[in-house]
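Chemist: Input: one structure, supplied below.
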Amino acid sequence: MDVNPTLLFLKVPAQNAISTTFPYTGDPPYSHGTGTGYTMDTVNRTHQYSEKGKWTTNTETGAPQLNPIDGPLPEDNEPSGYAQTDCVLEAMAFLEESHPGIFENSCLETMEVVQQTRVDKLTQGRQTYDWTLNRNQPAATALANTIEVFRSNDLTANESGRLIDFLKDVMESMDKEEMEITTHFQRKRRVRDNMTKKMITQRTIGKKKQRLNKRSYLIRALTLNTMTKDAERGKLKRRAIATPGMQIRGFVYFVETLARSICEKLEQSGLPVGGNEKKAKLANVVRKMMTNSQDTELSFTITGDNTKWNENQNPRMFLAMITYITRNQPEWFRNVLSIAPIMFSNKMARLGKGYMFESKSMKLRTQIPAEMLASIDLKYFNESTRKKIEKIRPLLIDGTASLSPGMMMGMFNMLSTVLGVSILNLGQKRYTKTTYWWDGLQSSDDFALIVNAPNHEGIQAGVDRFYRTCKLVGINMSKKKSYINRTGTFEFTSFFYRYGFVANFSMELPSFGVSGINESADMSIGVTVIKNNMINNDLGPATAQMALQLFIKDYRYTYRCHRGDTQIQTRRSFELKRLWEQTRSKAGLLVSDGGPNLYNIRNLHIPEVCLKWELMDEEYQGRLCNPLNPFISHKEIESVNNAVVMPAHGPAKSMEYDAFATTHSWIPKRNRSILNTSQRGILEDEQMYQKCCNLFEKFFPSSSYRRPVGISSMVEAMVSRARIDARIDFESGRIKKEEFAEIMKICSTIEELRRQK
C-alpha cells in the first residue's frame, strides 16, 4: 500500500516530527581495517591546536612533549588549547564560593571510596590494553596478567586485594630498573594429519620470559592503545578512541569518583544522571531562567557545540584543578589523585595495527606494522597518508606516538564537566556585574547556554563574554555549529526541549527487536523494552500494541517457533506440531514452543512463564522448569537479570528484565576456533578464574568476596565456611551423620594438600 508520507504529519506538531530526521534505522556503520590513520589524525590535530606551546623532552622516556599551558591568547576563532592556569584556578574558586563546602565534602566521600575499593573494580570494563602482551584483552585477563607480573617482580602490596595497594605496586614498578614479563608467542609448523593424510599447519603456543628496561616499561605503562569507534551514526568519517592499560586505570577511577561526587552536587551538570532524572534537572534550570526573565528581559538559548573538546583539554589543567580541589586534604590523598593527570601528560598513543598493502598484479598482501612507520620509505603511500606520517615522525618511539596535550575520548568525562560547569557558574549577575547574565547545562562536551539580558545587544555581549571566558580554559565553542533560539526551544544531549522535553522516539528504535541471547531472555527483554518506552518515551497504546505484534512476529521468525497450528514449514515445525497435538491446554505453551501469544499492553510486566503457569499441562510444567532437566543451564538466576540494549546514541545501556530459568534459558557455547589460537592459554586462565569465583559464590551466597575476607585465603575461607555450614545442617537434621563425616574428611584433605604445597 502506498502512503504519502506528508499525510502522516498533518496532525503532528512539528517538534514531534523531529525524530523522523534521525539516522537511526538500519544498521550503524562499522569500521574495517586498521585505526592507524585515525589515530595519526588525532595526534597531529592535537599538536596543531597547541602548536605555539613549549617543547620539552621527557627525561625518562626521551619522548618530545608539547606544553601549551599559559600559551599565547588566541587572536582568531580557531580552536586552541592554550588554557591559562590562573583562570582555571579562579573559576574553581568561584565555583566553590557559590557552592560552599562542595569540594571538601566530595573529597571526604572519595577518601572513603579509596580506602574501600577492591582491586576487582578494575575487572569491570571491556577491552583493555594489556601491556604484558602489547595488545587488547578483556579487563579481567589484563588485570590478572599485570598482577602476575608484579608478583614475579617482588611487588606484593596488592595481595590484600585493595585497589590502593595495587596502585602502590604500580608506583613502585615505575622505579624499578627492569621488569621481567612473560609473553606469549606462536610456533607454526607443517605436519601431516594422520586421518586425512593432508598437510596442516599446527600452532603451538609458547611462553617466554622477556626483560624490559626502565624506559621500555615506562613507555608501556603510559601507553593508550587506540581503536576505531564503531557504530557511530550520522558521521561520514570514523574516529579513534583510546583504551588505557591497567597502570593508568585505577588512578583514573579515583579521579572520576571525586569528579562524579562534585557533579552530583552541581545543578548544571548533565552527568552522572540520565534519563528522566536528567530531564528533570534540565527542566529546572530552564524554568529558573524563564521565571527570572521578567517581562523586561529577553531570554535566548544556545544549543552549543564545542570544537574537538578532548583534543583541546589538557591533563596539566586537570592537575591544577585537582591540586586546588584537594588543597586542604591529607598528602597521601592528594598524591593518589594527582598521578592520573601526570600520567596523561606523559601519555603515549599506540598507533594500532599499521597499514595493509596489497599488490593487485602480484596478488600479494603485506602488513606494515606501526613500528616500521618511523623508518619506511614514504614513496609507497598516497599523498594524504604521506603527510600524516611526515608530521608524526618526530613524535614516534617504538610504534607509539608521544601525545602530551589533549585527552583521549571518554577518559575524564566527569572532571571535564566540572570545568565546563565552572564557566557556566560565572554567569551569575554578581560575577558579570552588568545587565546580562547566563546559566546553562553541561554534560561532558555537550552544552546548552541560556542568556538573559534587557535587549539584543546585551544578549550578544553575554554570548561574546561566555565565548571568550571559555577560550581562557581551553574550551572552544564552535560558532559555525552552535545556534541560538528564543529560550524554550533547544537541544541538549539529543534531548529536544520545546516548552518541555519532546520524546525523541527514533533514538530507541535500535533497541526494539530480538536480542539474540536465548529464547527466554529475548522474550523478556522484548516486552520490557516496549513497556519502558510506554513509560518514558510517549509510546502510545495503539503503537505499543502494534510494536508488540511485530515483536512476536519477529521472535517467531528468529526462533522458527510459529504456532503449532500454522501452515508455515520450518526446521522446527515437525517437533512443534507434535507438541501442539499432545498438549491438552494449548494456551499454556510458551511462544517459543509454538504456543499462542497472551501478551497485550496491560500485562507486559509479567514474565511469560508466570503468565501461562496456571494454563500449563502438568507434565509440560515439569519439563519446562525442572532443575534436574539437563537442558536447563542454571546459572544461579536471580529474579532480575541485566541485558545490554543499544540505544541510538551514547553507550550501550544496561536494562533490567525478569529472568526465568527454564529449558529455554540456554547459554551458547564458546566458538571453538579460539581454542587453536594464541588466545587459548588466556581462555583457560579465564575459565579457571571463573570457576574459582563461582565456587566461592556457592559458599558465600551474598558473593561477599568483593569485601576483604581478612587475611585468610579464598580456600581457607571456603573450608571454614563448609565446616560451619555442615555442622549447622547436621545438628538440624538436614544431613546424615555419614555425610557430615565425609564433608569433614574432605575439608581436612584440602588443608593437608595446602600444607604440602
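Glycine is no exception: its Cβ is also placed from the backbone N, Cα and C atoms.
What you are looking at is a predicted structure, and each value in this text was computed from that prediction instead of being measured.
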Chemist: Under Swiss-Prot, which of the candidate ranges 34-42, 97-105, 187-195, 700-708 is annotated motif 'Nuclear localization signal'?
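Modeler: Motif 'Nuclear localization signal', as annotated by Swiss-Prot, spans 187-195.
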Chemist: Please identify the range among 249-256, 369-376, 417-424, 713-720 that Swiss-Prot labels region 'Promoter-binding site'.
Modeler: 249-256
Chemist: Can you work out which residues elsewhere in the same chain, 6+ from the ends of the motif 'Nuclear localization signal' (187-195), have a Cβ less than 8 Å from its Cβ atoms?
Modeler: 201-206
Chemist: Helix, strand, coil residue numbers for the motif 'Nuclear localization signal' (187-195) per DSSP?
Modeler: 0 helix, 6 strand, 3 coil
Chemist: Counting each residue once, how many in the region 'Promoter-binding site' (249-256) are helix, strand and coil under DSSP?
Modeler: 8 helix, 0 strand, 0 coil
Chemist: Which whole number is the mean pLDDT over the region 'Promoter-binding site' (249-256)?
Modeler: 97
